[in-house]
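These notes concern the structure reproduced below.
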2 protein chains.
Amino acid sequence: MNKVIQVGLLGMGTVGTGVLKLLQKNGASIEQRVGAQIVIKKVLVRDLSKSRPLPVDAIMTTVVEDILDDPDIQIVVEVMGGEHPALEYMLKAMQNGKHVVTANKDIVAKYGRELFETAEKNQVDFQFEASVAGGIPIIRPLKQCLAANRIQEVMGIVNGTTNYMLTKMTRDKSDFASVLAEAQAKGYAEADPTADVGGWDAARKIAILASIAFNTRITLDDVYVEGITAISPQDIEYAGELGYCIKLLAIAKETPRGIDVRVHPAFLPLSHPLAPVQDVFNAIFVSGDAVGDTMFYGRGAGEMPTASAVSADIIDVARDICHNVASRILCTCFDEKPVCPVRYTETPYYVRLLVEDRPGALAAIAGAFGAQQVSLHFVIQKRKVGDCAELVLITSRVPDADLRLAINTLRGMSVVREVQNVIRVEAAIE
Amino acid sequence: MNKVIQVGLLGMGTVGTGVLKLLQKNGASIEQRVGAQIVIKKVLVRDLSKSRPLPVDAIMTTVVEDILDDPDIQIVVEVMGGEHPALEYMLKAMQNGKHVVTANKDIVAKYGRELFETAEKNQVDFQFEASVAGGIPIIRPLKQCLAANRIQEVMGIVNGTTNYMLTKMTRDKSDFASVLAEAQAKGYAEADPTADVGGWDAARKIAILASIAFNTRITLDDVYVEGITAISPQDIEYAGELGYCIKLLAIAKETPRGIDVRVHPAFLPLSHPLAPVQDVFNAIFVSGDAVGDTMFYGRGAGEMPTASAVSADIIDVARDICHNVASRILCTCFDEKPVCPVRYTETPYYVRLLVEDRPGALAAIAGAFGAQQVSLHFVIQKRKVGDCAELVLITSRVPDADLRLAINTLRGMSVVREVQNVIRVEAAIE
């Protein structure tokens, strides 16, 4: 008879329910893979009386010690969300010699170091594949499959809500507000959409990915963040005309000034592998010095895709238990690299301006850019708006600080009625 | 001071040279990851006098026993290619207690079972990430990251040469022969291109992927194979008009009749994630019951991408050595599933015919299909060719055997001057 490995589940929301379903549905083949039966022994819930989609009455508890202090439970799976008390529960579980699996990006992005140190000290596994990009394998590929590479760049579409919204805005030429309302109605966006549309969810994920890719601890505070609220159908249309799409990108690159790590909407060439990523799908593009360009694509959220990633971690830990090994791959942040301040980051920029439609206007604008050493790669006059003309321009590659100075100058010029939008251009073909 | 793990390299062609370069270039960070220094102690070569791109004189040998019988060498890396004596060397290495890493798809596709059994018996690791799709992480993602899923389908562009050729034929509207000549001139295709253009290289790779995905041993002989030699610019043009591209696909699906595993050119909807995969790039699309659709994209060949995968395996084995564990993940073929004969496989088909341009012709042709229960989804008359008309049709989803019967009937009909091409349609939106 096979060994039994017992698991305690903290939380039974969407992801926890998915994990229970999946371990049940594919339990037989998982047992064959692992050489042991994986059993959920107890589930921590807040409310015992709430009706549940699965028959779990017999294993529910509201007392966390029933899990953390149960010597038979070898793996604790945290899928309750939030920072506290989830963090304390995980630390306690490790101190009690239990391996920990989590899907909690907030905690990994903020308390990664503490969790890794505690795991190492207590010689237990700490796994968090589901914390970034749901079902898409990306943590393990970065830590193992690309381990021989010096990673140069990680660039991802890691927030399904905003990618769905930008896809909709592109397809239907509809505006931000109406697409947001629709996404909320479909359950793709929260009532308070700030975490998604403000870029904060993506920022947590790129903090985690950057830490692994560049072997230095990057936290949420290190990430420069801009959301998509200012993107208009007009910008999307002009992007298309110029051979680009607009995506909310989470980017991390190693530069001579440190790790350049940011989340913002960007023009992306239609020929880039990330450009065809539609709707709620996620994808992460990784460049390494040996492997070249790679990409990992799939569903970044949802009950079963996330359960797939959490369960893969459980299986991995169970394999470790069967082979009597732990902490085989832990923290890989063995360097301390500085973060490159956003003012030094360099990209071309798309700028959309409303200017007075009179002779000399363009010369004045070009002069304002030139004064900051910003050269213009491309300028085109688009539609008339009242007595004004809409001007679209793409700059050459410039430091963010120089661009900001030029934009400030423009804002003070009588010929410029409005600076309508400023959007970075990524992966431009130069 | 860190531990030293010594490696013996069998072969110093393109991949072997890449591995030496990479372990040297990124040796410091690899040492930090592993907690041990990885050193290539000896390299087996055929000719000591040949000039080499790296200074390896001191470690070269022509005597394989210098590696296989050296007790200090813990990992043997087979990058010599060919079936014999590479297989025997690997088996001997395992019997001598050494872990084995290989990039050899021919051997893994043909002798996988024997190698796994020998590895298990001798409690050593056996890794082969580079045998499929070069630098793209796919073996480890399937065996670990998607381990909780029942895999439903694996569909890949796994041969860079043919993908480059089809991309060129699509972009430049050029024909097979001229693109092949160009690919040969660029070094993308061999002097004898059969393994690539005949689909045999892709067939070996899908045999390996199918074995892992469906937990049953699939060998090259199980794979139905068609190459791309019959694809004409005309087919590619019509595909484009109908919203498809033509790709050489390596496909494995689980069906009620067994594992459907085949390599052939196919119409693929332009909206499919594999459709934008251009030039020599590879990608593997995997569907699982929990994760949904995923895709893994990157360079499927070349010195450094392949070295990236081989080195990742070496790192993984080295981590096992450091943690005193072996055979942690070995063969996952614990089922014995039948292979679905190609006659039962079902897809829609594209058929291009040259028919006499006279009344009743279409009715006769439709009748020939109807007699085999093949209904036509779409029929269009294209250009005139002499006194004939070119007819393009897409059938509904039908078993291969029925389609073949209908095609045989057509070939015997006086109204049909020529059956110009018959191509499967995959991932059709139905």
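Note: Cβ is positioned from N, Cα and C throughout, glycine not excepted.
Predicted automatically and left uncurated, TrEMBL annotations should be read as such.
Sequence-distant neighbours of A:VAL15 (NADP(+) binding site): residues of the same chain at least 6 apart with a C-beta under 8 Å from its C-beta are A:VAL79, A:ALA103, A:ALA130, A:GLU303, A:THR306, A:ALA307, A:VAL310. As annotated by TrEMBL, NADP(+) binding site applies to A:LEU10, A:GLY11, A:MET12, A:GLY13, A:THR14, A:VAL15, A:GLY16, A:THR17.
The NADPH binding site feature in TrEMBL is assigned to A:LYS105. Look at A:LYS105 (NADPH binding site): DSSP puts it in a helix. Counting every protein chain shown, the number of other Cβ atoms lying within 10 Å of the Cβ of A:LYS105 (NADPH binding site) is 23.
Look at A:GLU190 (L-homoserine binding site): DSSP puts it in coil. The local packing around A:GLU190 (L-homoserine binding site), expressed as other Cβ atoms within 10 Å of its Cβ over all shown chains, amounts to 14. Annotation comment: TrEMBL describes A:GLU190 as L-homoserine binding site.
Under the heading active site, proton donor, TrEMBL lists A:LYS205. Within 10 Å of the Cβ of A:LYS205 (active site, proton donor) there are 26 other Cβ atoms, across all protein chains.
Helix, strand and coil content of the domain 'ACT' (A:350-424), in residues and according to DSSP, is 23 helix, 36 strand, 16 coil. The domain 'ACT' annotation in TrEMBL covers A:350-424.
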If you measure from the Cα of A:GLY11 (NADP(+) binding site), which of the recorded positions A:LYS105, A:GLU190, A:LYS205 is the nearest?
A:LYS105
Please report how many Å separate the Cα atom of A:THR17 (NADP(+) binding site) from that of A:LYS205 (active site, proton donor), as a whole number.
23
Set of same-chain residues at least 6 away whose C-beta sits under 8 angstroms from A:GLY13 (NADP(+) binding site):
A:VAL79, A:MET80, A:GLY81
Would you count the other C-beta atoms found within 10 angstroms of the C-beta of A:GLY16 (NADP(+) binding site) for me?
28
What does DSSP call A:LEU10 (NADP(+) binding site) in the simple three-state scheme?
strand
Remaining residues near the recorded NADP(+) site, that is with C-beta within 8 Å of the centroid of the site residues A:LEU10, A:GLY11, A:MET12, A:GLY13, A:THR14, A:VAL15, A:GLY16, A:THR17:
A:LEU9, A:GLY18, A:VAL19, A:VAL79, A:MET80
Please report the number of other Cβ atoms within 10 Å of the Cβ of A:GLY11 (NADP(+) binding site).
23
C-beta crowding around A:LEU10 (NADP(+) binding site), within 10 angstroms:
26
Which residue, of the binding-site residues A:THR14, A:THR17, has its CB surrounded by the fewest other CB atoms within 10 A?
A:THR14
Counting across all protein chains shown, how many other Cβ atoms sit within 10 Å of the Cβ of A:MET12 (NADP(+) binding site)?
24
